[in-house]
Amino acid sequence: MALGRMETKPVITFLKTLLIVYSFVFWITGAILLAVGLWGKFMLGPYISLIAENTTNAPYVLIGTGTIIIVFGLFGCFATCRGSPWMLKLYAMFLSLVFLAELVAGISGFVFRHEIKGTFLRTYTDAVLNYDSEDEKSLAVDNVQSSLHCCGVYNYTSWLGSVYYPANGFPTSCCSNPSDCNPKDLRNTTINYTKINQQGCYELVTSFLETNMAIVAGVTFGIAFSQLIGMLLACCLSRIITANQYEMV
């Protein structure tokens, strides 16, 4: 049995090294998810608010998931260094749950990706038609038009049917050159269309979102399948340590 323990020790050391390296990488993925969540909250907030017909908690889910992964990544390093079988089993169980959750989320996003354009078209059109320059949807429209240098849904004519246009003309967020664009000009139906961006926002926004969603989906699937490696390492190490402890009794 002493010989068996001597032969097992290098294997345990090797698996511990791999699992510590994996746990560190896992911790980094948690930091990436946290960063993506914060980025989604502060950078994609206006786009998300226009795509979602109801308030979405997606950025907060990513932030929460990233934080939990960071904590369990540290736990995985601690469990590996301690060589505790029950801690390693708990770590493997957590990795399997994370894998399943991320896989379901990734597949759902892929399956329903085609609905995004239709939902955005409907919600953005509604936001333009009911624009009042003050509510959350209106501020999101202003943010999109200013940042992407666009106006309206397909083009600026979308504003002609809005409740805002008859009294106020185009919103200032439509201006192609803000320094040469004032509310009086935007109300003047003779020249206002010469002061604004001619391209609509629909095509620009959907293209922007698809590009960034592809990045987020790729990161999510990559992280999800990496959980399988960690889960197998944790399970193998736990079983070998348990068997080794049993032989010592």
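Just so it is clear, glycine is given a Cβ too, placed from its N, Cα and C backbone atoms.
What TrEMBL records for C151-C174 is disulfide bond. Taking the Cβ of C174 (disulfide bond) as reference, residues of its chain lying under 8 Å away and at least six apart in sequence are, in sequence order, Q145, C151, G152, Y156, W159, L186, I196, N197.
Proximity of distant same-chain residues to the transmembrane segment (12-39), defined by a Cβ-Cβ separation under 8 Å and at least 6 residues beyond the stretch ends, is recorded for 59-74, 76-77, 80-81, 83, 95, 216, 219, 223, 226-227, 229-230, 233-234, 236-237, 240-241, 244. Marked as transmembrane segment by TrEMBL: 12-39 (among others).
With a cut-off of 8 Å between Cβ atoms, the residues of this chain six or more beyond the transmembrane segment (59-78) that come close are 19-20, 22-24, 26-38, 40-41, 44-45, 48, 87, 91, 94, 98, 101, 230, 234. Look at TrEMBL and you will find 59-78 (among others) tagged as transmembrane segment.
What TrEMBL lists as transmembrane segment is 90-112 (among others).
According to TrEMBL, the feature transmembrane segment maps to 213-237 (among others).
Other Cβ atoms within 10 Å of the Cβ of C151 (disulfide bond) number 25 in total over all chains.
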